[in-house]
């Protein structure tokens, strides 16, 4: 017995808001005439008549006399043939010819047609064809609606896709997968995670495509519990651990900081390709296991799997995170000499980051000067990161000037400048930068951290202390933590506070960073003794890093934080990054 469809998430679309049906005029420019279709279609004499009809009609303003020989089935066959062969413009030409010849489209017309619209990225035309779907009464068909969901997601109109999905009287596994995939591809990870949970309640079986997409959402959110559930489902339902499923599992475990499980999945895979190896090496790198990343690369070469640019980017990041200067230099030179891979700008940026973090700012600047391409903002930000660590104002101001030239409207660059000035306690200049940002209407992206507790992902932002209620227990926990940590020698580090505030105000601002709120929530709500896992959108600050190390020692808890750049595994008062991040 099919599962009862869930209640609508949105009210029905009002008739006046529905898209209008496509209309073409004789004055509109016509696409070029189509060539003969693929061999499978040209065997039909009726298809050949339609080809001749389309060629004739594309250059005239009147209908030929042969139109009575053309029917909907013939048009559908040609549209499908053109779409599947990648001739998307010709697919649309057949459809416009149908309308002008008063040939009525049906349920089989729209799925391939909507796919062509998505591939050509024509949002207005997609809305018009949606109108035709409604006008012909095809909007109750599961396949047509699924095609609409997929098209809208491909066009970046996720809200429209969600409306169609919510109004569907019937859904199948392909429909659910199209919506979940659309969420993930448009970076609506929380919505993808929630919809996947709803799909589980619908009673539908999960296929390989669905689990891969759902694992991607879990990876970005750090939703380990959901990812483990999917892994168990794969094993209990006999789904193949092919390169797609296996690579998605490796990526999920690595991005949740569970290195051992990712390694086990990799070893269990019978077939591995370069993407599988890249997921493993990248995961080791981001989790601070540089030696393991380099060992995996050696195994990859022994298995005769040819590395690509992504492989070397991961290796250079591994060297960067652990300060392996000589190894990084050797890999950078060897990728072209030994493997014929010319370094891209991302590889140069990683080398600049590696050298800058090691204090070799002069060498990093020389590398930028000799690059065969113009340095982009990411490269200059990498140099600036090294300047911030080592307090070098000379190269730091140079990097800032370049950033402001390249991205004058990017507020992050002004924040970096303010932080650099604040480190030198140039508060008047900091104020000028803030005033400039105010005039330009720029705002700093707020720190945002998420934590999974009881199979739910909870999110905190730095402004929560002003805007959210019901957080009294979290703030009470923060106060208690601060008191306990002071006994262990903790002192709030306000050096990087960007405002000329009183010391007490600076301490308050630093104590309410989003990752501290998430940590307090985890200690209050998570199961006692479990690992606390937090995902943050920005780089972890020095004070929070010190705070988390002491919490791991005083409260005897393992804590894993994934920030913008890498993972930090805290335990026993130390961090896996060895304070090098």
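Note: Cβ is positioned from N, Cα and C throughout, glycine not excepted.
Annotated in TrEMBL:
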type	residues	note
COMPBIAS	1-14	compositional bias 'Pro residues'
REGION	1-43	region 'Disordered'
COMPBIAS	29-39	compositional bias 'Pro residues'
REPEAT	71-105	repeat 'PPR'
REPEAT	141-171	repeat 'PPR'
REPEAT	172-206	repeat 'PPR'
REPEAT	273-307	repeat 'PPR'
REPEAT	308-343	repeat 'PPR'
DOMAIN	489-581	domain 'DYW'
Distal contacts, the repeat 'PPR' (172-206) - CB-CB under 8 A, six or more residues away: 3, 6, 142, 145-146, 149-150, 152-154, 156, 158, 161-162, 165, 213-214, 216-218, 220-221, 223, 226, 230, 233, 237, 239, 457, 459
Within-chain partners of the repeat 'PPR' (308-343) [C-beta distance under 8 Å, separation at least 6 from its ends]: 274, 277-278, 281-282, 284-286, 288-291, 293-294, 297, 300, 350-351, 353-355, 357-358, 360, 566, 577-578, 580-581
Model confidence over the repeat 'PPR' (141-171) (mean pLDDT, whole number): 93
